[in-house]
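Working notes, structure below.
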Amino acid sequence: MVLATMRGRFAPSPTGRMHLGNVRSALLGWLQARAAGGAFLLRIEDLDRARCRPQFLQDLYEDLRWLGLDWDETPLVQSERDGVYREAQAKLEREGLIYPCFCTRTEIARAASAPHGLSDEGPRYPGTCANLTAGQISERSRTRAPAYRFRARPGEVRFVDALMGPQVQDVQALVGDFVVRRNDGVASYQLAVVVDDAASGITHVLRGDDLLPSTPRQLQLYAALGLGAPAFLHVPLVLGEDGKRLAKRDGAFALAELRARGRPPEHVLGLLAAWSGLGDGGPVTLPALVARYRTDVLPRAPVVAREALLLDALGLR
Ligand code: GLU
């Protein structure tokens, strides 16, 4: 039997300097792919033009290179791929799976009365625009540009996450019809990530578990577009001592900052390995980690990043 090569990826949004939580996801994705002798791709998720900066992108490349996390192939850049997203949208449109939505955020919040159904997209979309007539659509288009929504399929979506185990979500009940193109004309994350992972032949997606609730939506898009879905592995996030997830503004854990303090990458890798069940915190090299990588040791609970431990691990105090 010929085993297809594993293809993993890291898909950062250059909206700030990478902190050690982002870097840990990159490292684990890289390790998963390299330990299997597979390819590892980078994709720049810069659809949110207002928040992305060229400087953050430069820092990101430098961070990854400094750690030794190399990538194969030229990275896809989402802001250059709108044509591809439009093609996918047109395919869904031909199948009657998309409709224009003229609702404002406030209208949606007002219309959503149910206490349940609060997803990461906000309240469940109640389907206000799901059955507009052609006349209503052209009339409303005069005053407001529409967003486009995918008609979420009814029923439970099930999948097995390689780390978090069996997952189930009723997308229609929890999220409702979801946006594939925003009203500012930009493709949504959900659509772009599916189209791009499929276009790149990604077989394994490893990312933070903040995106675990998005996966059922993405699986519905894969099915509707007739695309094969990858395997998923969601790692619990790294939290700060306040219990909140590390944010790109948390300077202490920005990799660029640590690089500037002159510590060798092996110290940072040691810390990331300790956060991943792959080491005791002492300095470690990438080849040693490749040899050591196993999915079943990855923690299933959030890791708390303590600044004191960080300073110790880096020999900074
Ligand atoms: N661009 C997303 C982020 O930075 C990650 C998307 C993904 O891995 O699917 O959070």
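Note: Cβ is positioned from N, Cα and C throughout, glycine not excepted.
Features as listed in TrEMBL:
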BINDING   ARG9, PHE10, ALA11, PRO12, SER13, GLU45, TYR189, ARG207  L-glutamate binding site
BINDING   CYS101, CYS103, TYR125, CYS129  Zn(2+) binding site
BINDING   LYS248  ATP binding site
DOMAIN    6-271  domain 'Glutamyl/glutaminyl-tRNA synthetase class Ib catalytic'
MOTIF     12-22  motif ''HIGH' region'
MOTIF     245-249  motif ''KMSKS' region'
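Under 8 Å, Cβ to Cβ, and six or more positions away along its own chain, PHE10 (L-glutamate binding site) finds SER25, ALA26, GLY29, TRP30, PHE40, LEU41, LEU42, ARG43, LEU64, LEU69, TRP71. Summary: among the binding-site residues (TYR125, TYR189), the fewest other C-beta atoms within 10 A of the C-beta are counted at TYR189. For ARG207 (L-glutamate binding site), the number of other Cβ atoms no farther than 10 Å from its own Cβ, over all displayed protein chains, is 22. Here the candidates are the binding-site residues ARG9, GLU45, TYR189, ARG207, and by Cα distance the one nearest CYS103 (Zn(2+) binding site) turns out to be TYR189. A 10 Å cutoff on Cβ-Cβ distances gives ARG9 (L-glutamate binding site) a total of 29 other Cβ atoms nearby, all chains included. Confidence across the motif ''HIGH' region' (12-22), taken as the mean pLDDT and rounded to a whole number, stands at 92. Residues in the motif ''HIGH' region' (12-22) partition by DSSP class (helix H, G, I; strand E, B; coil) as 3 helix, 1 strand, 7 coil.
Across the residues the record lists as binding L-glutamate (ARG9, PHE10, ALA11, PRO12, SER13, GLU45, TYR189, ARG207), the two Cα atoms farthest apart are 16 Å from each other. All protein chains shown were included, and the count of other CB atoms within 10 Å of the CB of SER13 (L-glutamate binding site) stands at 19.
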